[in-house]
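Copied over from TrEMBL, here are the features:
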ACT_SITE  E485  active site, proton donor
BINDING   W357, D358, K597, Q598  substrate binding site
DOMAIN    14-266  domain 'Glycoside hydrolase family 65 N-terminal'
DOMAIN    696-752  domain 'Glycoside hydrolase family 65 C-terminal'
Amino acid sequence: MKVKFGVDEWRIIEQEFDPAANRFSESIFSLGNEHMGLRGFFEEDYSGDSLPGTYLAGVFYPDKTRVGWWKIGYPEFFAKMINSANWIGVKIASGGASLDLAQCRIRDFRRELDMKEGRLTRSFVWSGADGRETACCFTRFLSMAENNLACLAVEITPLNYAGTLSLTPYLDGDVVNEDANYAEQFWEEVAQTVASDWALLVMRTKKSEFTVATAMAVQLFLDRDEVFPSREAIAAPQKVGWSCEVQVEQGQKLTLHKLIAVCTSRDYPVAGLNEICLAKLRGAAAQGYAALWAEHRREMTRKWEESDLTIRGDHLAQQGIRYNIFQLNQTYTGKDPRLNIGPKGFTGEKYGGGTYWDTEAFCFPFYLYTDPEVARNLLYYRYLHLQRARENAAQLGLKGALYPMVTVDGRECHNEWEITFEEIHRNGAIAYAIYQYTEYTGDSSYLIQYGLEVLVELSRFWASRVTYQPRRDQYLILGVTGPNEYENNVNNNWYTNTMAAWTLEYTLNSLETVRRGAGAALERLVARLGLDPSELRQWAAIIAKMYYPRCEAAGIFEQNDQYLDKEMQLVSELDPAELPLNKHWSWDRILRSNFIKQADVLQGLYFFPERFDRECLRRNFDFYEPRTVHESSLSASVHSILASRIGYRDKAYELYLRTARLDLDNYNADTDDGVHLTSMAGSWLAIVQGFAGMLVREGRLQLNPYVPAQWQGYSFQIAFRGRKLKLEIAADRVCIRQLSGEALSLDIWGRECLTQPGQRTVIPARPESAPRVQDAG
Ligand code: BGC
C-alpha cells in the first residue's frame, strides 16, 4: 500500500499538489467541531475537480426518494446533511491575475493537518506568468471551544515585486449537493446585509425550513500593523462580501483574518437568530484571532488528554490511530444528544450524514470507554426517536419499535427493500448498546429512566416479527438481511436470530432488575406501555424455542438457512484482479456466491464472548474469515479483535492495518467521497478490545494484553466507574496509573490486582513476580 502523506506522529503532511487526487485530499483534510464541518477544499477560486462541502450537524434536506419501482413502506425522502453556505471563500489576485491552482504554476506546495492542535495549513509559492512570485499561506480552524465559531488566516507576501494585491472575502449561499435526487436547489435566501465591518447571509432550507445565519468579520494587517483599505461591497443574490486592494512592498506580508459565526434555527429561535449570530461574531472580533486560537487549542489539549492512544516503535501506526481519533473527536463530542455520527462524518455527502447501526455497533464503545457521558447521549438520541421507531414498525404492519436503517431525525430514509425492511438486526445493536452502557458504568439510571422503555418496544417488535412453525415447534425469523449484505432476503440469519432472542432475554432480566431496584418506576412504565404478563410469557417461549442454524459436522453456526448449500470457495482462490467483488461482479453473482461482505456470524461471537468458548470461536473464524472479502470498512476491525481473542496474532495485526490506515492510504480507493468515520472507531477497538483484550464481565474490568510484534508498546486512557486510568502495555508488564477515583480491583492476565489513586501499579507478565506499586510522579 502506497503511503501518500508524510509520516509524522501528530501531523498529516502533503508535499505535492495532485489535482487528480484532489477529492481524496479534500476528504483527508476535513475539519469539524460537532456543530459544523468542512472538507479540505480551497479558500481561493479553484476551477479544477473538487467536491466542496460545508456541513452543519443536524441541518438536512428531505430529498425526495427516487427508486425504480415504488414499494409500500418506502420512505418519502432521504434526509441529507447538505452542503451549506461556503464561508471560507477569499478570491485572491495579484496584478490582475487571479489565483487558481488549476490554472497557475506553483512550487513548494505543502499542506499540513496538525491533529494535536486541530488546524489545517496550506502554503506554496505562486509563480505568475509575468515572473511575479507570491508566497501564500492559508490556516483554518473550527473552534472546539465555541462551536459556532471558525477562523481563517490568509497570508500573502510578494517575494520579488511590489504591487497591488486584491482580496475578496465572501460568504456564498449558492451551493449544491452533488448527491441530489432531482438536481434541486436545497436553499433559498432569507436576508443579507453588508455593513462596513461585518456581513451577514441568512439562508433557509426548502421544505425542512432550517434557517442558518452566517456572519463574517475581516481584519487586515500589513506585517503587524492593521490596515483599513477602502472596501467595495459585494451584494449579489445569495452572496455577500467586500473586495479591497492593498499596496504591498516586496517582502511585506499581507494578512487577512476572517472570523466566522454560524448559528442555526436548530439551536436558536428564528426570530432572534440574526442578532445572536452577530453578537457571537462581535464577541469573537473583540477577542481576536489569537485569543480564539488559544481557546480552541486548550480544548483540543483537553480532548487529547482523554482520548489519546500512543504506540511505541511504529510511527505509521501512531499516525493512523491518531488520525482516526482526531476525526472521531471532530465529528461528535456528545454535547448535543440530538446529534449522531454519520459513516462519513463531515467529510463527504455519501450516506447523507445519517445515523446507521454503525453508531451502536462500532462507535459506541470508543465513547463509552473514554467518556461515558457522551455514550449516554448517544443512547438518549435513540430514546428521542422512539416514537418514530414505533411509527416505523406500525407502517410495516409490526408491533413495537423498528429503528430506521438510516435516519437524521428518527424517520426512515433508506429505500432498498432488502435493507430497509429486512436489515432489522439494527434493533439488536441498539439493545446491546444499552446493555453495554449499564454493564460498563454500573449505572442503572439510564436503564430505569429511558432504556427499559426502548427495550420493551424492541422486544415487542421481535415478538411480532418471528414466525412460529408448529411442525418444528420452533420460532423462525424469515426474510431478513444480516450484516453480510452479500446475502439478501434469507431465512434465519444466525446473527439476527441470536440478537432477537438475546434482546428478549435482556429485556426480561432488566424488567426484573428494575422491579427490584425501582419498583414504582417500573409500575408506572408497565401501566404507560400497557405491558401485559402474557407478552412476557410469549417472549420467554420465543427465547426457549428460537431456531439457530448450525452445521454439527463442522461445529459451526450456519450464517443462514442454505448458506452451506452454496458452492464453497475461498477468497484466496479468487483472481485478485476480481477484487473488490462489488466493482467486478454482477450483483446476482455476488448473491449466489459464498463470499461474505463483513462479519456476520462472527459479529455475534464478538458481542458475546462469555457465551461461546475459544474453540467455538476458532472453528467459526477459521471457516468464515477465509470466505470474507471485507468489502465493508466495518469488517476488518471485528475480525482483528476476534483474531486477538483466539491468539492469531499475525492475522490480528494484518487486519488491524487494514482498518487503521484505511483512509490515509486510501486502501479501498474510495476515500474521495469522504473518510470511513465509523470504521475508525473500529480501529481503536482493535487495539483496546483486541490487543489489550479489554472486557467488562459482571462489573469487573479485565485485560488480557499483548503487544504486536511490530510495536514496542502502547498506552491509552479509559474512564471506568468514576475513575480515570492510564494503561501502558509492554511485552513484559502492564503499568496502570490511576489518575482519579477510588481504588480499583481488576484482572490482568487472569490475575487479580489492585490500583490506588495517584499511584502507578506495575504488573509483570510473569506470574512469579508480584505487582509493584510506585508513586505516579
Ligand atoms: C455496510 C453496513 C453499514 C453501512 C454504513 C455498508 O457498506 O454493509 O453495515 O451500516 O455501510 O457504514
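Just so it is clear, glycine is given a Cβ too, placed from its N, Cα and C backbone atoms.
Around W357 (substrate binding site), a 10 Å sphere centred on its CB holds 22 further CB atoms from the protein chains shown.
Across the fold, the C-alpha of Q598 (substrate binding site) and the C-alpha of E485 (active site, proton donor) stand 8 Å from each other.
Spacing of the residue listed as 'active site, proton donor' relative to K597 (substrate binding site) is 6 Å (Cα to Cα, whole number). Counting every protein chain shown, 22 other Cβ atoms lie within 10 Å of the Cβ of K597 (substrate binding site). Residues within less than 8 Å, Cβ to Cβ, of D358 (substrate binding site) and separated from it by at least 6 positions along the same chain comprise I341, P343, L634, T678, S679.
Taking H, G and I as helix, E and B as strand and the rest as coil, DSSP gives the domain 'Glycoside hydrolase family 65 C-terminal' (696-752) the counts 0 helix, 37 strand, 20 coil. Residue annotation for substrate gives W357, D358, K597, Q598. The furthest Cα pair among them is separated by 16 Å.
Taken residue by residue with DSSP, W357 (substrate binding site) is part of neither helix nor strand, so it is coil.
Within 8 Å of the Cβ centroid of the substrate site, not counting the listed residues W357, D358, K597, Q598, the chain contributes Y356, A361, P483, E485, S632, L634, S635. Note on the domain 'Glycoside hydrolase family 65 N-terminal' (14-266): its mean pLDDT in the predicted model is 97. Its own atom aside, the Cβ of E485 (active site, proton donor) has 20 Cβ atoms within 10 angstroms in the protein chains shown. With a 10 A radius on its CB, Q598 (substrate binding site) counts 24 other CB atoms from all the protein chains.
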